Structure formats: C-alpha cells, structure tokens
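Novice: First the structure, which I've put down as structure tokens, then a few questions once you've had a look.
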Amino acid sequence: MSEYKETLNLLQTPFPMKGDLPRREPALVERWAAQRVYARMRAAAAGRPPFVLHDGPPYANGDIHIGHAVNKVLKDIVLKSRFAAGYDAQWIPGWDCHGMPIEHRIEQLHGRGLPPEAVQRLCREYAFEQTERQRRDFLRLGLLGDWPHAFRTMDFRTEANELRFLERIRARGLLYRGQKPVNWCVDCQSALAEAELEYARKTSVAIHAGLRVRDPVDFASRFRRRPVLDKPAMLVVWTTTPWTIPGNAAAGVRADAPYGLYDTPGALIVVAQPLADALFASLGVDHALCALARGRELVGLALGQPFFAGRDVPVVEAEFVTLDAGTGIVHLAPAHGAEDAELCRRLGIAGENVVDGAGRFAADLPEIGGLPLADGIARIVAKLRADGTLVREAAFEHAYPHCWRHKTPILFRSTPQWFIGMDIECEQGEADPGRADVTEEAGATGEARKVGKAEEAEEAGPVKTLRASARDAIADVPFYPPSARQRMEAMIDGRPDWCVSRQRTWGVPLPYFVRRDDRSLHPRSARLVEAVAARVERDGIAAWSRLRPAELGVDENAYEKLSDTLDVWFDSGSIHATVYRDAARADTGGYPADLYLEGADQHRGWFGASLMTGCAADGRAPFRAILTHGFVVDGAGRKMSKSLGNTVSPQRIADTRGADILRLWIASTDYAAEMSISDEILERVVETYRRMRNTLRFLLQNVADFDPRDDAVPAGQLLDVDRYALARCREFVDACRSAYARYDFLAVTRLAHGYCAEELGGFYLDALKDRLYASVADGVERRAAQTALHSVLANLLISIAPILSFTAEEAWTVFAGDERDSVFLHTWDEHAPPPDDAALARWAHVRALRPHVTKALEEARGAALIGRSSEAELVVRAPRDVLDALAPLHGELAAVFIVAGVTLETADQIAVAVARTPLARCERCWRHEPSVAAHASGDALCARCRHALSRRARAERSEPRAAVGSR
C-alpha cells in the first residue's frame, strides 16, 4: 500500500492534534472583541424570542477565584446554548462596587479621617481598577456578553436609579425607621445583613444565673401546694451571652410548661420540670422537688435584675421558649435579641444597649463601663458569684455568626436603623417603573401613603405582606436543582425585617431629610428624592455628601439629612430595576429575567435581596427561574482555603492547561452538589478533551476538499448508512438541545463524548474510512460520505461550542474557511438534518447485530483464523424478521462491519460464523474483492481502485481544480 499512499485521499488540516490551548486561546479572545461577536449575535437574533440572564454581580475587590469562574462559565454556557437554540440571548455583566471591603482597603492605604468626598473618590478609583482587572480574567475564560456596556453599581446613573427605586418602596409604606437589635460588626462599625454573616465554631462563656424572687409571699401563692420558703428563691436562666446580663429586662416562661421549685443546698431554684434532672446532674448537686406550677401561673412575678441590685424585672409569657435545652426560662434583653425585642415591645418593656458600637460596655454602667467585652464578662461573672446568683459557669462551643469580611464574632445590639418590613401589608401589583415621583401624605412616623392620578386609575390589588408576596411569587418558579426551593422558602419564612441602613461612607445614601425633633420624614420626600437623584445622576453619590438641605428648599433648622448608606445587598438586589429596566439603556432585555444563576449561598444573599426588592416594588419576582450551583472543594472534599493550601486558581488552569479544560471540568461536574477539583481530576478532563479533539480533527481532515455549494449530494443519492448517520446526528442534536434547556450540562458533556467516541469513532467513521480514502476523490460515493460528515461536523461544533468555546471556534474557522465567521453566529435550526425515524428503525437491527459480529471476529482472531477483520467473510444467521430488515442494507453491511463479505441465512437465533476469505487483496485499498486483478505492472488492484487511479491521472493531465474552503 505504501507505493499507493500518495494516491489515497489522505488530506491535511491546519487544525492540529495538539490543542496548545494556553497559546491559542488569547488570540481568540482578542478576535471576539475586535469582531464584536456578541453584538453580531444580537443582531442576527433580532426578532427571535428573548432570553434574558441577569448577572448577580461579583464584588469588585481582588482577583477572581475558582468560584467566580464556575459561576461565570455556567452563565456563558446558558447564554450560548440559548442562542444556538434560536433565542435572542442577552447578558449584561456587572460588578458590585460599594461597601465595607473597599472602604476598609482605602482606610488601610490612606488612613482614617478623610473627608467623605475624598473617601468616595478613592473608593471609586480603586473599584474601577478592580473591575478592569477582573474583566480581563473573565474574558480570558471565553465569556461573551455585552462587555462594552457592563454595569457597575457605582455608575452615576445606577446610583440615581437606586434612589428612585428606594423611594418607590418607601411610597408603598414598606420602609420605616426603627430601634431594633441588628447584627453589628465592631470592626465594620456598622450593621450587617443576614447575608453578610458566616457561621463558625466559637467557644463562649455560658452561665446559669439566678434572678431572685422579690416577694416570697406572692411567689409561694403561685404554686398549687404552697411551699415553705426557708431559703432564698430564684428563677434560673441559661445564656451564652453573659455580656447581655446588665441589659436583662424580663424572664420568659412557656405558658403551658410545668415548672418545679427545687430545694438545693444553697437556694430554692425554679426551672422547667422536664429539664431539671439533666440540669442538676450537670451541676452535681442534690435536689428535691417541693412544688409545681404552670408557666402562666408565674407570669407577673417580680424578680431582681441580676446586675442591678435595686431594679425589678417581671416574669412574662414567651411563646418562643422551648424545653429542649437550658432551663426553660429565658433571659430577655430586648436591646440584644430580635425575639426579645418584639416581645418586650408588645408588653411595653423598654431595653437599653449595654455595649457600644466599638464593642465596649456603655460608659455609664457601674463597674464595667468602658471595658472591652472580655474584661467586662469576667467582671459580670465575678459579681454574680459574689452575690450568690451564679449557679454555674462553663465553656460552651457552638456555631456563632461572624462578619463575613473580618471573620470576627458579631454582636446583637439595638440601634436606630431603617428597615424594609416583611410583615407590613400593602397593595400588590406591578408598579410603573418610570413613576418615581408621587405626592404623599406623611404622618409623624414618616410612613407615607401614595396618592396620585396613576394610583386612582388603577384598580387596587390584593393586600399582602411582603413575606406573603414573596412566598406567592416563587410558587411557580422552577428551581434547578428542585431541592433549592426549600432553601428559598426557609429564607422567606425566617427572614426578619430587612435592615437596609449602614453607617459607612462608601455607599448609596438614604436620600431623606428628617425632622431634628421627632425624626419624621419631610412631607415632600418624594420630590426631594427625585431632586437628589438628578444631582447624583450628574455627579455621583458625592453630590449627597456636599449637599446642603437649603439648596433644595429644606429648612435646616428643622430638618437634617441622613448620613446612613444603603446595604450593598440592596444595591445588587435592585439591579433588575436600576440596570435592566433603565430607560437610558438602549437594550436592557426583558423583565422579569428568564434566569438567575448563582451559588448556593445566595438564597440569603442575591436571590433573596432580588426577590424582596422585586416584591416590595412590583409585587413579583424579578426572575422566572433560579439555578443554584454548589461550592468548589478539593479532591478530598475539603473547602478551598488559603490556610490549607488547596486553593485552585482559574488563571493558572487557563495559563497551563487552557480555559477550555476549565470549562469542560465545570460542565462535566454535577453543579447541584459540591464540585471537586484537583490535578488528577483535571487530568481526566484533559483525556476526555483529547478524544473529542481527535474526532474533530478527523472530521476536518475529511471535509477539507469539500464545498457544499458544489459537492453536496442530494439526499436521494446518499448511501443508507449516511442517511442513518444524519438521523443519529439529529438525535444527538435534539438530546443536546433538551439537556441544555434543562441546564443539565453534565448530560451534554456525556452526550458529546459518547457521540464522538461511540457513534462516530466506534461506528460510522470506521465504516467510512475506506470510502473516504480510496474512492474517486470527487465521486458520488465519497461526496455522499462528505455530505454527511459536513452536517455532522457543523452540528457537533454548534453543540459543544457553549462548553468548549475556544476549540469549537478554532475548528469552525477551519471548517468555514473564514475568520470573520463564528460558530456562535449559527443555530441548530440552520444546520440540523431532518428527523428520519425510518432510517433509525432500519439500522437498529444492524446496531443490535454488531456486538455479535465483534465477538465472532475477536474469537476468529484469537484462533489465528484471521488477522484483520477485512480478511473475514461472515455468515449471519438470524430470524426471518431480522433478515427482512437487513436485506435492503445487504450491500452496505460488508463496509459497515469492515469485512470481505456478508451472507444472510435464516435461523431461530442470531449467530455469526467467520471464515477466512479466499479473495485476493487489493494492494491500494486492502479490501478483499472479486474484482482484484493484476495490473499490467503486476500490481493487484480492485476495479474501484483502477477507476480511481485512472480518474486521478486524467485530472493531473488537465488543469487542477482551484482550492476551495470546506464550505
């Protein structure tokens, strides 16, 4: 065969076997930007159904990490696959730019004490640098999107829109000022949202403390059997926050629970009866039950405040008291606990902060004023011990909320803040996003009622709370995976009123003026907010910092402007209104978004914030579906941590293996669970990639001289195996489309790999090689095979392009012969072959027969009956119905099984017999053919090869055909 090698159709392709991705990929990133591929995609999709993906913006601080890469690549896969499916897929990337981390960084670099405008300017410059840095890294991953119009929450227009959007929520009566316990970080010097908390193990000082009975006679009368009070009596509470003891305002009991009075060596102690034995066992003291009373019978009893000797506190009914731990009696400090505060508010019991914003005890507290928390706790415990009310002190390890930025334990302390109420009723219905200004009637509390022509024209919607509206809004929203719904529902049910105010400088301001005496809002707040927004839109938030109330006609003697800024979760949670529904943007997509896609921690974060803002303003969710992905862990299942040294840099993967390897790992990992990554795992991904790349290379080689405009064979002239290959290609496309549509990217990678390795590499391409290599170059048999391969290659590239974006584009450039063309400009509908169920049914029998043939050939080879399969002749015995199905394909079976011949015989069961063929072998194609005869030169050639050589000789004598691209 070697002397005939040059006469075979062995084509070359510029698509190399080795990907060399780290070197090739950056050039494609530059090309996509220079050729405005995303903009051309949008132009090509004009008039198609829209598919809008909103971007949960990453924070503009530091390099991107592997979690960022997972999130953004998943979004990119969604975007590209929706375009391929025939949608006008839209994604505007963006960044979250305000907040404490950047402000803290500026303080580190420039010190504290700078004027607000200077802080804001430096923060803005720093945030911009960070976004540009992250932009480069994101683009390196192959992300397509509207990058020229990427948003930053610090954009002047976006900041102004946020003020207008907040006013819409306030105008519905959902924004209020209140004194409530909030999560407080002493390092941030600010309140924190629930989403800004991380739970970590903490060892606290836990104490059992007694609250002494003030009136023994009253106390004794509350028990069914009046006890003898020959010792001091006290109700015992248990707390892991002894620093709140000076703030104790009451003791809570469960109304229907039994409480026992127990005689112990030092005192008479009251605790819940079901918890008594465990408690006294832990104390190691003898005890005897003296009397019983229900919790409701103890309500109203006066007790001595444990820290302040002359102060009394009452026993109250508390519905949240449980009997699974502690003493069944709860220490209530309304300034330091949400449930405590709400209960005491209803009962008219006041509370006061005992710790300031810096984490020190209030200066006016005796003995502990001004002390740091740890020192003060030691003094409190010592005082209780000296007073005889310390029952027990012990270390207690538990999960405790920490600041997600500083990793330090937070405090619960009552501060005046602004809240969005979860349980305030308001009328539902989508608000007009363009109507920010309303007239109002404002009461002393500052809560406003909307009055206006637009409202009068609208039919009033149902009245619901924000919590109920949020529950209803997600009722029909699909979640991927479905289990994520429970997390969202739990977030809604357990979410307290949203504290949206922060005590920082770098943030969008609360744009309100309040009275100096009663803190009520200015009656013209709506108009004033619009005036402020106009200035912010021109000059940014610095306009608020330098604004004097008098400039807007506000009496500075009566009113002052707020100094609080908005929670950054409000910034990002409102982008559906401030960015995606901004009338100033030429094309912002539809509303609500078709998909929100973020990590599993975002149910409390961006998902929750977006849901609450959407329902607060419009009574609906800003998304139609939610996809949640898991966190990245190492190969041993451990969380990524710098201290463990197991972090994986997406930049390093892109620079050493290629971004397509990272993308393939992301797509081939079940994102619904934790996503494991390691060098070993990536190496397996590389092997999968190589097999797929080799398939692409084979396909490109064998259509290199094919131009469908001149060379395509009509469907009626295709061999039946080619029609079958196209039918299987359509099945592959349909399966990929379905998997992409349900966001099952793992299924797509399995389909693509299986299609390359089994359907193509393991069947069709093997069957084609002889026809491709040895047939007449422009003969109908070879062109028929190339017609099928051309369609297969186009559809395979479109199907893998959302995942293997760089490789698919590299291959498409060769395939199309035009660098201006892009695989991302094409859809399945343009290229997918029509369904052909009849071909599938015919060839199902061949595929079922193939394992029997393979086994028989292996046995014959093992018995040294044959060497190559082409030396074999097969006798296929099968039932009549199988033979009837195979009969029309009889002429193609030898080529499909790569044997010299196939004979069909009737039998009860399928069986395959192998014999060595007596036919001579063609020296050019190596097929054993009856037509093989000696050439004049003495060479043994089959009729087909003689014809091919003759055609080749005539072609060489004539003018050579001009080279054409493969399309």
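The backbone N, Cα and C atoms fix where each Cβ goes, glycine too.
According to Swiss-Prot, the record shows the following:
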| type | residues | note |
| --- | --- | --- |
| BINDING | Glu598 | L-isoleucyl-5'-AMP binding site |
| BINDING | Lys642 | ATP binding site |
| BINDING | Cys922, Cys925, Cys942, Cys945 | Zn(2+) binding site |
| REGION | 430-463 | region 'Disordered' |
| MOTIF | 58-68 | motif ''HIGH' region' |
| MOTIF | 639-643 | motif ''KMSKS' region' |
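Have a look at these and tell me how they're positioned relative to everything else.
Specialist: If you draw a 10 Å sphere around the CB of Glu598 (L-isoleucyl-5'-AMP binding site), it holds 22 other CB atoms from the protein chains shown.
Classification of Lys642 (ATP binding site) by DSSP places it in coil, neither helical nor stranded. Over all protein chains present, the Cβ of Lys642 (ATP binding site) has 7 other Cβ atoms lying within 10 Å.
Around Cys945 (Zn(2+) binding site), taking its Cβ as the centre, 27 other Cβ atoms fall within 10 Å, counting all chains.
Confidence annotation: the motif ''HIGH' region' (58-68) carries a mean pLDDT of 93 in the model.
Here the motif ''KMSKS' region' (639-643) has long-range neighbours at 65-67, 631-633, meaning same-chain residues at least 6 beyond its ends whose C-beta is under 8 angstroms from one of its own.
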Novice: What three-state class does DSSP give Glu598 (L-isoleucyl-5'-AMP binding site)?
Specialist: strand
Novice: Provide the number of Cβ atoms within 10 Å of the Cβ of Cys942 (Zn(2+) binding site), excluding the reference atom itself.
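Specialist: Within a 10 Å radius of the Cβ of Cys942 (Zn(2+) binding site) lie 24 other Cβ atoms.
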Novice: With Cβ-Cβ distance below 8 Å and at least 6 positions apart along the chain, what are the contacts of Cys922 (Zn(2+) binding site)? List them in sequence order.
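Specialist: For Cys922 (Zn(2+) binding site), the qualifying residues are His928, Glu929, Val932, Ala940, Leu941, Cys942, Cys945.
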Novice: Rounded to a whole number, how many Å is the Cα of Lys642 (ATP binding site) away from the Cα of Cys925 (Zn(2+) binding site)?
Specialist: 60
Novice: Report, in whole Å, the straight Cα-to-Cα distance of Glu598 (L-isoleucyl-5'-AMP binding site) from Cys925 (Zn(2+) binding site).
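Specialist: Just about 56 Å between their Cα atoms.
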